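Take a look at the structure below.
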Amino acid sequence: MGLGWSTAEERRPLLPPPPPQARPQARGPAGGPAGRLPPLSGRVYGRRWLVLLLFSLLGFAQGLVWNTWGPIQNSARLAFGFSGWDIALLVFWGPIGFAPCFFFMWLMDKKGLRVTVLLTSSLMVLGAGLRCIPVSDLEIRKKLIHGGQLLNGLAGPTVMNAAPFLSTTWFSPDERATATAIASLLNYLGSAGAFLVGPLVVPSPNGTAHLLLASQSNTEHIKDRIEAVLYAEFGMVSLIFSAALAYFPSRPPFPPSVAAASQRLSYRRSFCRLLSNFRFLMIALAYAIPLGVFSGWSGVLDLILTPVHVSQVDAGWIGFWSIVGGCVVGIAMARFADFIRGMLKFILLLLLSGATLASTWFTLTCLTSVTHLPLTTATLYTSCILLGIFLNSSVPIFFELFVETVYPVPEGISCGVVTFLSNVFMGVLLFFLTFYHTEFSWFNWCLPGSCLLSLLLILCFRESYDRLYLDVVVSV
């Protein structure tokens, strides 16, 4: 949160007085006194739910715009002349947009949530608007669409990193994991919305979509339907930007907890702390590798399932339910973590074990000529949905564990580093995909391998809860 998040006057009622030097004290896990201290409490405001709603809607819109093209890639090829390289690049702009991630971390740490959110939402408005400019020249139109996707990708660092920052700033300790889950997973739900909206609104040119308009799937009609989706997304992003401009405060008048009121490390010292913390590097890789692989895989799910004769609409429904299931289970798991403190590692072990089994099942099913496993719509639906549930629901649990492990590093910086790493892995995979977009079996094998590696890293990880100690033990 930076050194200037709260003033000395605001922190004084929350922070315990220093113990007498002559009096011996037991030491807590963060090096603080573990003796009995006066009861401390923060204050929460009802407006925190409005702030959470606005931020979550912003994340939803960013995910929806980012994943516009993957679910309708066959239609986009016909309407705009996109190649396989273009489709992969449109998804690739998401991880490319994380290049200035460290700038957004600095801005969040120094200027707060409001400035960062307004800058992020303005980039999204510009990006969504560029995609709607009516140009008859298809080459110019494709460049505008690519530029719009890049601007939307630049919003990624904020909507994917700031959830723990927002939850600590506005919510009490027994609500933080839930708020983190809602704020972070709505971005994934937006990606799921693209799997639903795109194939249902835009007719498929291959005739496999069960739509009344399927017989009218000529080039101009498909182009008109795609443009209708683009205009609708532009309107939604503009509305969210207007609401954030009208009301989105950086922080409440009074901190909600001891951890929220405490001073944090500076920007430079935070990076030194992160890079020298071996335990943080372990869980950062445990998060970045499987989530980066899964994000890239989800963005081109239609391409991956085409060789096994899955239609564009079926691929969209598979992607939709896998992400929706992950969001629902993730919020439930986060709520459970708010009630049962100190169980984050155990929850991650369960989720990653399930992800490893589900991804292995899916990969072997796609190799039906070798494994002779039944390749049916039911098996593809079940394996993909289970994989999405296990991996997506792990995101808020990972975020909370990052913050607990490296406290007092600001939340935006610690989560920014790991999401940057995740997008690096996603970008590397999509980079290879732009050159090897005719063969996807290697992409499927990356899923179980990355999940198994993450599971082993979490098994070897020694957890600690420094922020929880400050809020619960010191405050009692």
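Each Cβ is built from the backbone N, Cα and C atoms, and glycine gets one as well.
Annotation comment: TrEMBL describes 1-35 as region 'Disordered'. What TrEMBL records for 49-66, 87-107, 113-133, 185-202, 228-248, 278-297, 317-334, 346-372, 378-403, 415-436, 442-461 is transmembrane segment.
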Proximity of the transmembrane segment (185-202) to the transmembrane segment (113-133), 3+ C-beta pairs under 8 angstroms: no
Non-local residues, at least 6 beyond the ends, that sit with Cβ under 8 Å of the transmembrane segment (87-107): 66-70, 73, 76-77, 115-116, 119-120, 145-146, 149-158, 161, 267, 295-296, 299-300, 303, 412-413, 416-417, 419-420, 423-424, 426-427, 430-431, 433-434, 437
Non-local residues, at least 6 beyond the ends, that sit with Cβ under 8 Å of the transmembrane segment (317-334): 71, 177-178, 180-182, 185-186, 188-189, 191-193, 195-196, 199, 298, 301, 305, 310, 347, 351, 380-381, 384-397, 400
Proximity of the transmembrane segment (228-248) to the transmembrane segment (49-66), 3+ C-beta pairs under 8 angstroms: yes
Positions on the same chain near the transmembrane segment (278-297), where near means CB under 8 A and six or more residues out: 91, 94-95, 304, 348, 352, 355, 387-388, 391, 394-395, 398, 401-402, 405-406, 414, 417-419, 421-427, 429-430, 433, 443-444, 446-447, 450-451, 453-454, 457-458, 460-462, 464
Residues of the parent chain within Cβ reach of the transmembrane segment (113-133), under 8 Å, 6 or more residues beyond its termini: 54-55, 58, 61-62, 65, 104, 107, 141, 144-145, 147-152, 154-155, 158-159, 162, 165-166, 169, 227, 230-231, 233-234, 237-238, 240-241, 244-245, 248-251
Positions on the same chain near the transmembrane segment (378-403), where near means CB under 8 A and six or more residues out: 163-164, 168, 176-177, 180-181, 184-185, 188, 280, 283-284, 286-287, 290-291, 294, 298, 301, 305, 308, 310, 317-319, 321-323, 325-327, 329-334, 337, 344-345, 347-348, 351-352, 354-355, 358-359, 361-362, 365, 411, 414-415, 418, 447, 451, 463, 467
